[in-house]
């Protein structure tokens, strides 16, 4: 599956493609300017994948703490045991490596070893508790666990799945009313965006990513990651995509564990997950699992690299998974731009290769040319999956000696072929060609105007201690006074800007490093794109003339020093993935710090990079729908339409000259938001286990909890400003979106200093109110919060800004609607949630025209009558917390709501039977279809919700195995536990292609799977059932890795007004009471006579969905620019067994409504 971090050409198996909503990937060296639809501005837009959460930290860190004691062994070969006495062994068994530098706030212990076969490993003992005290498991505890393991029957045929974060194959435990249509939640990297069109659905959807399966005082998951120092650059010319394909194939059984889906099944049975990804020069595999099963999981996983089967029978089926991944990627503008950029490399450079692979390159062409793909796979594995290219990281609550023993026993079996690692460093200057310094006009899939300016520099990895590109990007991406973006925003030419290098394989490898600046343009900005480029060049020239500034460098150091010193712990599986890649790039002492810290100020190194950023070496790419009709070229693999033009002569001549600087552009002033007080505050009220309501008035209430667990000088402030005004009409919902986006725009410049000082804020246009989220070092956090409330109180907009934002919002709505997965979600929720305004409703309201006057009247009315609900947690006293609510109430001076307002929709009760809503996808160039089969349950208890979670957990692995592995229906295949505004249900979703399957064939296959699953759970043994229950209990007991996870869980209760802060404890108690018969009975009841079943099909364009077979039966009459639902009739496959829905409003108007319901009992 494509691991997309910035522009990295990377892939992953799809076993854990959840795009990790809410995990903010900020690569080192990239400063991200916030604003409307900013995903389009990214140099190479980002898709967040597990473990790519690289901190933006940079510091000199004079007080970094070495880890452990000096053993007197540097780079030692792993030892199998020790002869110390029992007492000595216990004291020395967790001694860390003194050369590895770590943060003072990191309680973990580290040890580096190198096996006899050349594999390098980093062992991480996570025995420490959050106070930083280390405690070893007793011998009795370890023996007891071992006895339990030995006594447990491992019945592979009974193994079932957990509810991890998977989107393509994972059980997705998320609330439907918490599902968003915002770009950041989607599968392709075009839309990873924290601030564009945020709404409450996304706010809660982000929370659900982390809310499930977290509880304090219990142990974390164990995790491991292995990086092979070879990637797609090594693809043979006659088999494009082979490295990516091999990454898929090694999962398909091994000599020791031959079951094709055996590893996934084992993990799902024991609460784990796995993933893999392929980059240009690296391939990464990672998994996590309950600690009790970590050693066995390591042994099973290691067989990928010891003796994978890669049987011939599996090849054709897995090629289809790779091809589906490619088809899903084709409508992504980021992927298209990347392939186009790679094609500019000089002939013979690996950047010109097709890294993805598809059915054509891996199946049809090889057969035509008599190439044995199976034999070539094995050759590739033998040549490149060699131990001495590998770096391994394992993390668990075991002693370092225990981990060393396991790693040595298991991973020493990986073969070492003794051959030198592939080296591409001689292929420098791949873009030093006449074709590079040109203007490329590109026709995008989405509605967007964007300008990307790119330079290809010599490789910068060797300068990691200075990080010159990070220094430059910090200035280029600044949004304060004197910045590029501040100037362009004042001209109403740009909405967002991103500049830098993400340090991924595509942006930085052994042959070059990229520095890119991407700018989201307004309509007017598109007309002046040369002037926009000139502004960028003027700013860079100013930096070049000034030279590196030590003040700026030291400010970045101070900011990042604070963040590193007080860093919060991350999820183990993310952490080990990041570390195994770091081991490929940095010396031992910098494994933990190399990607985060600035160690040395060397102005000559910064100047060398900065002086190369000149117009004569720049590549310009202009994305716009306005380019259609003038682009006569087509890129081979993604079909991107583009043209190549010389840069206009007048601009070329100007940029060759000593052009004038712009007096409006200058360096940022000193930052007043940098924290200097890190004192941990004393309690001023009794300590509580859960948030307590400390203020309750007609105008609002406040929940508060002082942190006494993580003990870091940070705080989280969240407020929900609730108003009944928003949902009164589609126009109001749109006005609210405009309001929040203009408010964000207005705050961009004054709040940016706080943002770069690690004080983060986010404004969310919720379904029922404005959500304000602020977090960071508590010292200066009140300043930022007050700034936001001040700007909210004094809200204003110029006509130019109003026009700019509304035009961009039209593009944003359009871009959401043309994606099958988001349209499918919109259609499903439009059917289920009464009085919901669909995205098409909002698009039409916007196209009908709204005025600035109507916006200002709406905002005035919105602010006049509210109910404010807040949560404050962290290093803050109760008195200080009450001041936050008081500031909101005093500044806004609103009256209370007349009556209590529900923060959820009412849901329609589906009739019995099978209903089908089949609509056309809105992008005629997209073959992708989305099929969801949903079963409605109704108003259920917390016990039944938990039972449904258990059901979906059981369902996940066999669903993946049947629908993806065996039937090869698509890449994204997953069952989901649905909580739609308090009404329960479950669904199975498959993303497929109209070039391969009819959507109704897929629907029938889903039904076939569910029938077989019923038989499977009926035959489930009690032991297998109990093992799955235990796995889910362990997930729910999994401790929070940092304060933010605890806050997310509590905020989810506040923002949904459920307030069941000990929900996990209740769910665990419910799980302990379940029997196998409960599960079977519940499933049969929802699948038997009287079941309420809804199928939603969004149908792509391809030979299996021909127009003549699906002529529209009804078109929504209120069309705007073709944005309408086109309903299709069922084909003979489903015509007799389903009732078609050909008008959603007419269908739901006849249905009863469930009462408002909360799952709290």
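Here the Cβ of each residue, glycine as well, is placed from N, Cα and C on the backbone.
Taken from Swiss-Prot, the feature signal peptide applies to 1-18.
Residues or ranges marked as region 'Disordered' by Swiss-Prot: 42-105 (among others).
Residues annotated as phosphoserine in Swiss-Prot, with a large-scale study or a structure entry given as evidence: 85 (among others).
As annotated by Swiss-Prot, phosphoserine applies to 91 (among others).
Per Swiss-Prot, phosphoserine is recorded for 93 (among others), and the stated evidence type is similarity to another entry. Every protein chain shown contributes to the tally, and the Cβ of residue 93 (phosphoserine) ends up with 18 other Cβ atoms within 10 Å.
The region 'Disordered' annotation in Swiss-Prot covers 130-218 (among others).
Per Swiss-Prot, the feature compositional bias 'Acidic residues' maps to 138-209.
The Zn(2+) binding site annotation in Swiss-Prot covers 244, 248, 325. The number of other Cβ atoms within 10 Å of the Cβ belonging to residue 325 (Zn(2+) binding site), over all protein chains shown, comes to 26. A helical conformation is recorded for residue 325 (Zn(2+) binding site) in the three-state DSSP classification.
DSSP assigns residue 247 (active site, proton acceptor) to a helix in the three-state reduction. If you look up Swiss-Prot, you'll see 247 marked as active site, proton acceptor, on the strength of sequence analysis.
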Pairwise CA distance, residue 244 (Zn(2+) binding site) versus residue 93 (phosphoserine), rounded so that it is a whole Å: 39
Cα-to-Cα gap, residue 93 (phosphoserine) vs residue 247 (active site, proton acceptor), nearest whole Å: 35
C-beta crowding around residue 248 (Zn(2+) binding site), within 10 angstroms: 26
Integer Å distance between the CA atoms belonging to residue 325 (Zn(2+) binding site) and residue 247 (active site, proton acceptor): 13
Secondary structure at residue 93 (phosphoserine), reduced by DSSP to three states: coil
Candidate with the highest Cβ count within 10 Å, taken from the recorded positions 244, 247: 244
